[in-house]
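As structure tokens, the structure follows; a few thoughts come after it.
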Amino acid sequence: MTFPADYPVNPPAVRFTSEIWHPNVFPDGRVCISILHPPGDDPNGYELATERWNPLHTVCS
């Protein structure tokens with residue numbers, strides 16, 4: 001996990017360092033999960049704002 005300078009306003013990034021296959025994991029290991037997407041509206045219109053990062057979340061939530 002890497003944390004941006006403005007955490008918890010923006011979410012951490014999660015990346016696997018070993019090879020793994022999963023539909024939500026890109027070939028470079030980056031994880032694609034809506035709760036880890038930046039807050040606000042989805043520019044593609046697939047996710048609700050409530051499904052995206054919220055500063056009330058923690059890495060333990």
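Each position is counted from 1, following the chain as shown.
A Cβ is built for glycine as well, from the same backbone N, Cα and C atoms used for every other residue.
As given in TrEMBL:
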| type | residues | note |
| --- | --- | --- |
| ACT_SITE | Cys32 | active site, glycyl thioester intermediate |
| DOMAIN | 1-61 | domain 'UBC core' |
Taken over the domain 'UBC core' (1-61), the model's mean pLDDT: 87
Set of same-chain residues at least 6 away whose C-beta sits under 8 angstroms from the residue listed as 'active site, glycyl thioester intermediate': Asn24, Val25, Phe26
